[in-house]
């Protein structure tokens, strides 16, 4: 087979066929991420119709995110082993199959199965989107297209609750899946003929031992944390799950040290700027996905709003953030990382303080206003934290650093949903109504977000101190 090299053209033109390929893959990634959080507004309805608790129903989102995180680990292997078109077809097919399972699901467990199958699309599509852009876009236009790809990752999860609320208002939660089915079929038709292969494809050995250890670590950690609201901090379920996760991670570290091709190259964490930036980054993602779960459910259970309002109240914050995103990047280019990161985290903490202080007495309007401040601050700090961290690694480490960021982002989101659901469900008082119990539990969840925001100031202080010393 004739070997091909990846060459970025010096031309500034992107052909129409390349545009179709980029559009198809980007739209597949967008839809895959959109449905990731779109079910959040349906949880109160699912709890009633399928007779499950909030702590269990949140697995509809958590299971999705966890599956995406595990697939992210395999992204480098998949890119080397399979052609872009093959990955594209498999991703679209998994989405369509998962869509059909969810649309017809007679009970919670079948619905969860469909969501896990559907998550395979997002796990394949997100890294594929960046690979297609890198392989087809000329160097002179690369910044614009990579920026647009990054924007998709920020807008889609925040728009999910709004999309879900609209679908529920028009029909039922099943419309979320019926409405995306023809879109995904169109994506498959558009992209199949347009996607081309530039980089080499070769047989690569997949290390199942490494993957198994990481999978055990992620899943046992999630199951342990999920037991908090029912079993407590000192229960064997929680302690056993966390202990098993720690043992699995330590075992992975030992196996990866002896491997020529570790799935995640952890030696990058020897760079303190990257390490502390990474922890701040995943903390922000934990809070972002967690609050996108908490607020729609708070609005419906505590305030008594409908699913449409529960989704729409997050829309202003999402739209304003999307418009401002280029300016956030410009702030870093013009003034360095310190200004946008610290300003963004300050707005984030201010909003978290408002949510915490008024946690039992929030209205839809107050939620919408605070979420605008929260979303602007989180996005300003989030993207610039990643950019600042990646600047500190070598070019040779850049791909591995991206893989760690992507995996951490998805796992942090699943952990945020699980922990906030556990806190919202943790208050049990026979003299309180369910709405009052949820309000008190939500206040605890908002308090955790506030604490994490304050801890981020410490992480950023360490990052900037190291960068000042290096200069």
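Heads up, residue numbers simply count up from 1 along the chain you see.
Glycine too: its Cβ is placed from the backbone N, Cα and C atoms.
Marked as transmembrane segment by TrEMBL: 20-39 (among others).
Annotated domain 'Major facilitator superfamily (MFS) profile' per TrEMBL: 21-465, in sequence order.
Residues 24-25, 28, 31-32, 46, 50, 52, 56-57, 78-79, 116-121, 124-125, 128, 174, 176-178, 180-181, 184-185, 187-188, 191-192, 195 of the same chain sit 6 or more residues outside the transmembrane segment (87-110) yet have a Cβ under 8 Å from a Cβ within it. Per TrEMBL, transmembrane segment is recorded for 87-110 (among others).
Among the features that TrEMBL reports, transmembrane segment is placed at 116-134 (among others).
According to TrEMBL, the feature transmembrane segment maps to 146-169 (among others). Distant neighbours of the transmembrane segment (146-169): 26, 29-30, 33-42, 45, 126, 129-130, 133-134, 175-176, 179, 288-289, 292, 295-296, 306-312, 314-315, 317-318, 321-322, 325-326, 329, 375, 379, 382-383, 413; these residues of the same chain sit at least 6 beyond its ends, with a Cβ under 8 Å from one of its Cβ atoms.
The list of residues near the transmembrane segment (175-195) in space but at least 6 beyond its ends in sequence, with Cβ under 8 angstroms from a Cβ of it, reads 17-18, 20-21, 23-25, 27-28, 31, 34-35, 38-39, 42, 84-85, 88-89, 92-93, 95-96, 99-100, 102-103, 114, 121, 132, 163-164, 167-168. Taken from TrEMBL, the feature transmembrane segment covers 175-195 (among others).
The annotation transmembrane segment is assigned in TrEMBL to 211-228 (among others). Using a Cβ-Cβ cut-off under 8 Å and counting only residues 6 or more beyond its ends in the same chain, the transmembrane segment (211-228) has close neighbours at 55, 59, 62, 66, 69-70, 73-74, 235, 237-242, 244-246, 248-249, 251-252, 255, 263-264, 411, 414-415, 418-419, 421-422, 426.
Among the features that TrEMBL reports, transmembrane segment is placed at 273-295 (among others).
Summarising the annotation, TrEMBL assigns transmembrane segment to 301-324 (among others).
Among the features that TrEMBL reports, transmembrane segment is placed at 336-355 (among others).
Panel annotation: around the transmembrane segment (361-382), residues 154, 158, 280-281, 284-285, 287-288, 291, 295, 298-299, 302-303, 305, 309, 313-314, 316-318, 320-321, 324-325, 328, 331, 340-341, 343-352, 354-355, 439, 456 of the same chain, lying at least six beyond its termini, place a Cβ under 8 Å from a Cβ of the stretch. Under the heading transmembrane segment, TrEMBL lists 361-382 (among others).
Sequence annotations record features per position, and here TrEMBL assigns transmembrane segment to 403-424 (among others).
What TrEMBL records for 444-464 (among others) is transmembrane segment. Within the chain, the transmembrane segment (444-464) has long-range Cβ neighbours (under 8 A, six or more residues past its boundaries) at 272-273, 276-277, 279-280, 283-284, 286-287, 290-291, 294, 337-338, 341-342, 345, 348-349, 352-353, 355-356, 359, 381, 388-389, 419-420, 423-424, 426-427.
On the 0 to 100 pLDDT scale, the model's mean across the domain 'Major facilitator superfamily (MFS) profile' (21-465) is 89. For the transmembrane segment (20-39), the residues of the chain that approach it from at least six positions outside its boundaries are 14, 46, 60-61, 64-65, 68, 88, 91-92, 95, 115, 118-119, 121-122, 125-126, 128-129, 132-133, 136-137, 145, 148-149, 152-153, 155-161, 163-164, 167, 173, 176-177, 180, 183-184, 187, 190-191, 194-196, 289, 292-293, judged by C-beta separation under 8 angstroms. Beyond the transmembrane segment (273-295), the same-chain residues lying 6 or more positions past its ends with a Cβ under 8 Å from any Cβ of the stretch are 37, 40, 58, 61, 65, 157-158, 160-161, 310, 313-314, 348, 352, 355, 367, 371, 374, 378, 381-382, 385-386, 388-390, 392-393, 401, 404-405, 408-409, 411-417, 419-421, 424, 442, 445-446, 449, 452-453, 455-456, 459-460, 462-463, 466-467, 470.
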